[in-house]
Amino acid sequence: MKDAETLVLTPVPAAGAGVEDPWGEDHDPVVPPEADPPRRSITPWLLPTLLMGALATTGAHRSAPAGADVASPLHHLLLRAWATVFGQSDLALRTPSILAVTATAALVAALAARVFTPRVGLLAGLIFALLPATTRYAQQPQPYALAMLAAVLATWCLVRFVEAPTARRLAGYGAAVLLLGTCHALALLLLVGHGWAVVFFRRGLAPRWLLVAALGAAPAAALLLLDARRGDRLAAGVAPTLDVLAATPGQLFGVTALAGVLGWLALFSLPLRRSAALYTAWAVAPPLALLLIAQATPVWLPSVLLFTLPAWATLGAVALARVRAGWCAAVLVAVAVLAAPVQVALRSPDADQRADGRLTRITRLWTPPSGDVAAVPSGPRGAGGG
């Protein structure tokens, strides 16, 4: 059988093509260049960061669409401290999410540039920034934005560990998994994709990966067990009926047509090539795992799967990077046009919910008028969120 690379579209040679594949696909890796021109190394993450920051902050002081309240220990502590210092205005409460999503866009571009090429990194960051769902949750005081950031950070640490399996890099991965679980326990489904990639492509690293991943996930698992003993639900989701599943792509990506475009592009990147296989596992394995769990308890909620958006954006970018620049620009314009109605609606003055909902009431309880932090009899319940 021929190399798996022949099963997919022929990649366009790029300046970064000589960088060693971290997943060990090339038998004779080429030594990477000692230095890249500053412009080439900055551009892949700089433009997506600026675009994401602009989209996230525009209209952030206005109303936002309703979103379900989610319990996350780390997010509650962060919001409590943030409100104590910066106040409880709509914009103040949304700023942590805005910063998290903006940082996520930068990291999405940087990671894709590291694993593939700078061109793929730039396209991945721009696609991610243009998705309406990223803007929506950047403007909500919910833990989903932090969970997306933690998911990309954990994947970045995994790639670094696979490149050079040192104890320091493994510890960094464990810390990222710990952050991911404390942001949103169900986001730990990302580990299903990570585990698949490690077992199939770096089996020798699997025991160490499994140990550190289990240690990083242990605190979130303990909180879930405690919630179960108190009778709390794993997450405020629903049963995955056919109608619910059919509506999921539109709810996850913000627009159903966008889900179709990215899904179509991803088909050209779903390959057996190992670098893209990591992203494929990241995008596909968590929804399948959540669907399996939802057969036993109603936890299906599209927002739980937001941490897969960076993977879908990158898979689309991998396919898009294989065509000419004119076609790339046309697809990006099409994505922006499809997203425009939702982007406008997010900034509508008559949107139906302001940030002073349940989370604002919690911060007001935690922050008395004197400005001193009050003791809270019982912390937020439910580590899973959803």
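Yeah, the Cβs are placed from backbone N, Cα and C, and that goes for glycine too.
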- [ ] Scan 1-38, 343-380 against TrEMBL and say which stretch is down as region 'Disordered'.
- [x] 1-38
Open item on the list: Which sequence-distant residues neighbour the transmembrane segment (276-293)? Criterion: at least 6 residues beyond either end, Cβ under 8 Å.
Closed with: 8, 23, 115-116, 151, 155, 158-159, 186, 189-190, 192-194, 196-197, 200-201, 234, 240, 245, 266, 269-270, 299-300, 304-305, 307-308, 310-312, 314-315, 318
Open item on the list: Quick check on the domain 'Glycosyltransferase RgtA/B/C/D-like' (72-217): DSSP residue counts for helix, strand, coil, in that order please.
Closed with: 129 helix, 0 strand, 17 coil
